[in-house]
Amino acid sequence: MSDDKRYERGEYEVMKVDLLPHNQEAYEKIKLQIAEGKKKIAISHATGTGKSYLIAKLFEDYSDYKKLVLVPSTYIGDQIQGLFEKYSIQNADVVLYQRLIRMSDEDIAAMDYSLISLDEYHHDISKVWGKKVRKLIDTHPESIIFGTSATPVRSDGVNTIDELFEGNCANDLPLSESIAKKIVPLPKYVGALYTLDDELERLRKKVENATNSKEEKKEYYKKINTMRSQIEKSYGMPIILNKHIKNREGKYIVFCKNKTHLAEIKDTVIGWFRTAGFKDIHAYEVYSDYENKDAEYRAFCDDESHSLKLLFSIAMLNEGLHLENISGVILLRPTKSSIVWHQQIGRAIEANNTNTPVIIDAVNNFSAVRQGMELLNEIKNAIAREKEKDPNFDDTGFEDIDTFFVLEQVLEIKEMFAGIEGRLEGNWDLYIRALKQYREREGDCLVPRDHTEMVDDISVALYNWVSNVRMVKKGKLRGALTDERIKQLDEIGFIWDTLLYEWENGLRHFDKYVKEHNGDVLVPEAYVDEEDGFHTGYWVRNKRSEFKNGKLEKNRIVQLEERICMGCERV
């Protein structure tokens, strides 16, 4: 008797998709929106929380529909296809976005799918894919369009949920919240500098541009050379790896910038590990135009030896793909992209992982490690929100959360640099000039991340400087910040607390709108202040969203309720 006949007779029980509690909660919201007649539905869930299972569950429940899931890579497609086979999900096609963009508009319009899933939809408004994806959506107005992504807001600030799903997000689960709720494990984050060349060159330039005497500059150059040797001896990568890589038989993904970078750094990385005491190392490579990539990838996944396993990768494994038994990731990155950073650390973070994954964030400049500290603060805030909502919230495992984020090496090196920078003459005046110049042009001192200001053909890292000034004021960094200098900054309009400033600035613009519109608190979402270009409508919408999701602090809720904002139905 065939297997099909046995299924028909009930001799075999078909396995059903069983969602974890957090995904079941999200799925109920998805079903409710479909029941309300909504056709375009997105979720924003952190990497590692099991978004593909939501696709599988939706496809399972709509078994009679002809279904399509679009994916950005073959690896992700194979993973989703494997889920469909595991749960016997029929009548479903898994197609690469790359195939879609080669189709004519007529062929896209002729596709007869009633349920379409856009996996990793943050790609879908790009110049290459965007036109065809929009054509697919526009020509299928009666189909359910369901999107999954961990990073809906692109690096240019565009929210792809607004662009593709009419702002309709069924559920939002950021990484910080998923860690706070213990959906995914709290990682061990280690910030490190794998090369000092860029920072040392910047410091030499600062000495060169300073107004100190020739004798003083000579002394500083000598100190810089001595400092390099001292740092390499006391803070080198082998020391960091020996201290923080505990699973000496584990699997680690090493992310490189590009093929050239991989070729240059591979032997160096293996050398770091050998110096750190790892003698038996198996190394693999995966990148798009490598002819043996599939074999290398399978060999890495299947390697159960007692050796240390390293998989060197470029971009291909950044997103969507979830490998089992990954002990950690090593980011050798000049990247400033928050999206790429979250994608890469996500390869080590998985639901149901009972181990502590290690993230070695090996960067080439001081500013890059801020992303790790920002994640720490986001996790702390998420834990605080959970405690506020539930007095019985179990915070076991978070008591020593600061010890999971290690930056001593970077901070100690930075203080060495500060010891020289603090003695340079002319720098303070240069930065003050740069800040004044920025304020005159932009209207405030809210310097954006990684911003560099040009002053008399000199490149001034203004964002780094204002951030350091704030850290010195808080006592987190040594520096010469006298009362006179604080007064000087206050007169310019220096912003000491950026989060508080952004909140108060939003309130000021909201009050301004209400006053100018005869008490109307229903700010249109697209409203922009004509005077300074502030997106008042987006700000109000975001605050309502934070309120609905329980992410708005009580004192701020009170301030908004006083303005009769929370009673509005418009979103």
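Using N, Cα and C of the backbone, Cβ positions are placed for all residues, glycine too.
Copied over from TrEMBL:
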COILED    193-220  coiled coil
DOMAIN    17-91  domain 'Helicase/UvrB N-terminal'
DOMAIN    241-349  domain 'Helicase C-terminal'
DOMAIN    427-494  domain 'Helicase-associated'
DOMAIN    502-562  domain 'Helicase-associated'
Secondary structure composition of the domain 'Helicase/UvrB N-terminal' (17-91) [DSSP: H/G/I, E/B, coil]: 39 helix, 11 strand, 25 coil
Summary of DSSP states over the domain 'Helicase C-terminal' (241-349), given as helix, strand and coil counts: 40 helix, 25 strand, 44 coil
Secondary structure tally of the domain 'Helicase-associated' (502-562) (DSSP, helix then strand then coil): 37 helix, 0 strand, 24 coil
Averaged pLDDT, computed only over the residues in the domain 'Helicase C-terminal' (241-349): 86
